[in-house]
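The annotation transmembrane segment is assigned in TrEMBL to A:12-34, A:54-75, A:87-110, A:116-135, A:142-164, A:236-256, A:276-296, A:303-323.
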Amino acid sequence: MLVDRWRTALTASGRPVTVLVLLGILLAMVTALFMTYDLKGSLDFALELRGRKVGGMLLVGFAVAYSSVLLHTITNNRILTPSLMGFDALFVLIQTAAAFFFGTLAFLSLDVRLRFGIEVGIMLAFAAVLYRLLFGGENRDLFLLVLAGIITGTVFTSLTALIMRVLDPNEFMTLQDLLFANFSTVNRELLLVSAAAVVAIVVATRPLLAQLDAVAIGREHAINLGVNHQAVVRRCLAAIAVLVSVSTALVGPVAFLGLLVSNMAYQLTGTFRHRYTPAAAGMIAAIALIGGQFLLQELFASVVRLSVIISFIGGIYFILLLLREAGR
Amino acid sequence: MIELAGVTKRYGPNTVVDGVSLTIPGGGVTALIGPNGAGKSTLLSMIGRLLPMDGGEIRVDGLDVSRTASDVLARKLSILRQENQVAVRLTVRELVEFGRFPYSRGRLTAEDRTRVEEAIDFLELAEFAARPLNRLSGGQRQRAFIAMVLCQDTDYVLLDEPLNNLDMRHASQTMGLIRRFATELNKTIVIVLHDVNFASYHADRVVAMKDGEIVADGAPGEIITAPWMAEIFDLEVPVHAYADRPVAAYFAIG
């Protein structure tokens, strides 16, 4: 009886489970390679340093992947990403504005937890405004959504650029270090705070996963099936705000990574079910980040930034996706 | 029983549904007819809580639809809208399985699986069950959605023009099935119909709307008449009797 049930469960979900297991093995291999390759000098020091990097990349990978999957589901569109909607541009703007008004010294000497808390608070407020504007009314036009996102993103980026121009050069240098996607230095305390935030989000969104499957087939179907659509969308936007804060605070904006890994996850697992897609997308992201960072460090002697390569590949993939959608 | 009291919907300065009050007792097929833009679909969407109201109250078996938890309502009432697109790739069986969502939240029990197979058989979809929805014809897809609603197994079923885009054979078969829902499974059906003649043959009661208000309400024989058709649709239509039912011969004029 139990064996039968296991068997039907396995055949019904065979492919996604296989994909998850394979991704898990691959991730473990890449991580082991990254941690142990060419260890020199003090073992403790090297392992601690590399461990911190791996931890950062795991967190960033999962945060970017999960936030993209959530946004895809609540907008019923697989091309939008939080990055496209201006989420990470806002986070950068918050940091830049803080540096401008209070100085980087005051900003950086603030307790990490407090600083991160304030940043997340502002991000959540933005998510609430976005919800009002985009999901509050009855005319939820997707094109409007995309346009509004691109425009808000551009506004945030332009404001950031403006503030940077009037910033004191020394402050500017410090800020640059803080903002640009950089996987080789990860602040230890920030790592802990981020890990706590990600765990909290996973715990808080776990009960939503089944409902998200219904949301994925469309708003009206979801309501008909008894999902409190508004509440689910609101919670997802809040989760996205926190996840984007985590990834941007740790390494800066990584455009297109979310788009790339979430769509790869849908294709590899062959399903939209949220039991599988966030985990798959998160592992693909972590493999790409850790593997990519390893290759860059060891083979290309860190002459290129990983985020540049990701943006390059992701950008091409984005265009391909657009062309495929247009061809339908 | 579905009770509507003073139900109103406005879009800016336009009042689309204007203080509609209506009581639909349990059982039978109630057809909503009327010209385009009369507010039929809007009214149906409000009963199915897909659209918030600007005024009034709707109760289904005493449950206020704007206050009752959505998952409680999902076991009481189901609604199928006109445009049925699904945003993701689903097979017929996966879609029908979603009909069990209000009961099992995506973890199907043995009973759920039996219900799913029954619904697939009832709608004669067995040979397409493993096929993705986007590779079905319009008629087959419509039947798949009706199977999902059947699987949801609610006392009240709201259908918004389910015969749209169906050819003669599929339209009559689908309407026959909907009639069987009411007769054999004892469901209460509220259905928006474009073609008054389907209402004439299959509905127990016809409610006519025009400009956001109910203008006529009664048995098909009382409403499908030349004077009422002229009043509701602003069109002189000859109405004949065929097999004891009125038939509006609208396709013969113009």
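Glycine is no exception: its Cβ is also placed from the backbone N, Cα and C atoms.
Because TrEMBL annotations are produced automatically, they should be read as predictions rather than curated entries.
Only residues 6 or more beyond the boundaries of the transmembrane segment (A:142-164), in the same chain, are considered here, and those with a CB under 8 A from a CB of the stretch are 75-77, 80, 83-86, 89-90, 92-93, 96-97, 99-100, 130, 133-134, 172, 175. Taking every listed stretch (A:12-34, A:116-135, A:303-323) in turn, the largest tally of C-beta pairs under 8 A with the transmembrane segment (A:236-256) is reached by A:116-135. Most Cβ pairs under 8 Å to the transmembrane segment (A:276-296), among the stretches A:12-34, A:54-75, A:87-110, belong to A:54-75. Residues 50, 53-54, 268-271, 273, 275-276, 279-280, 283-284, 286-287, 290-291, 293-294 of the same chain lie 6 or more positions beyond the ends of the transmembrane segment (A:12-34) yet place their CB under 8 Å from a CB of it. Beyond the ends of the transmembrane segment (A:303-323), by six or more residues, the same chain brings 78-79, 180-183, 251-257, 259-260, 263, 288-289, 292-293, 296 to within a C-beta distance below 8 angstroms of the stretch.
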